[in-house]
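Colleague: A single structure is presented below for examination.
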Amino acid sequence: MTSRKKVLLKVIILGDSGVGKTSLMNQYVNKKFSNQYKATIGADFLTKEVMVDDRLVTMQIWDTAGQERFQSLSVAFYRGADCCVLVFDVTAPNTFKTLDSWRLEFLIQASPRDPENFPFVVLGNKIDLENRQVATKRAQAWSYSKNNIPYFETSAKEAINVEQAFQTIARNALKQETEVELYNEFPEPMKLDKNDRAKTSAESCSC
């Protein structure tokens, strides 16, 4: 049986400060939730080994700070990402409105090879709270308008849909990683113009 190389998937979680990015990450990786809120300074990551379609992969999940003043630190963290998770708080409409700018920010900073088809996943978090302000249909419509991004409604506190969401994140990230590998293995052939072809023919002539 041939051993397959270990796959490391880099996942970036973006969204405004306080939407629950760190809580979602901790719930998924450590099965823990804390009511004590502490803003993430800069960026931090956790890793978790998961099975994706009978393949063992390591997910490296990056939690990037939501405050504007830390965004300049994030450029290096965006690079090499295999999937981007956009998180908003269903009780705070402003955090939903900024999803557009977070998505654009990622595409600019990460510069993925195929931005049109890069895998995003949207999470509407804190559905355990009663004062909901962003309707499911509104979030679904936004996600659909952005190349049909998968959308999940989650609660980091109650562990609702967290596992399911990250399974989709892992699967889409693995697909992205595989496509990049194939692209690197079979790069586009070089195109020669007429002068180059004539020069090549002359150089290979043994007369």
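Note: Cβ is positioned from N, Cα and C throughout, glycine not excepted.
According to Swiss-Prot, the record shows the following:
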type	residues	note
MOD_RES	Thr2	N-acetylthreonine
BINDING	17-23, 34-35, Tyr37, Thr40, Gly66, 125-126, Asp128, 156-157	GTP binding site
BINDING	Thr22, Thr40, Asp63	Mg(2+) binding site
MOTIF	28-41	motif 'Switch 1'
MOTIF	67-82	motif 'Switch 2'
MOD_RES	Ser72	phosphoserine
CROSSLNK	Lys191	ubiquitin cross-link
CROSSLNK	Lys194	ubiquitin cross-link
LIPID	Cys205	S-geranylgeranyl cysteine
LIPID	Cys207	S-geranylgeranyl cysteine
MOD_RES	Cys207	cysteine methyl ester
Colleague: For Asp63 (Mg(2+) binding site) and Gly20 (GTP binding site), determine the Cα separation and express it in whole Å.
Modeller: 10
Colleague: Around Gly20 (GTP binding site), how many other CB atoms lie within 10 A of its CB?
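Modeller: Excluding its own Cβ, the number within 10 Å is 24.
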Colleague: Have a look around Asp63 (Mg(2+) binding site) and count the other CB atoms within 10 A of its CB, chains all included.
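Modeller: Counting Cβ neighbours of Asp63 (Mg(2+) binding site) within 10 Å gives 25.
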Colleague: Name the secondary structure element type, per DSSP in three states, that contains Asn125 (GTP binding site).
Modeller: strand
Colleague: Per 10 Å Cβ neighbour count, which of the binding-site residues Ser17, Thr22, Ser23 ranks highest?
Modeller: Ser23
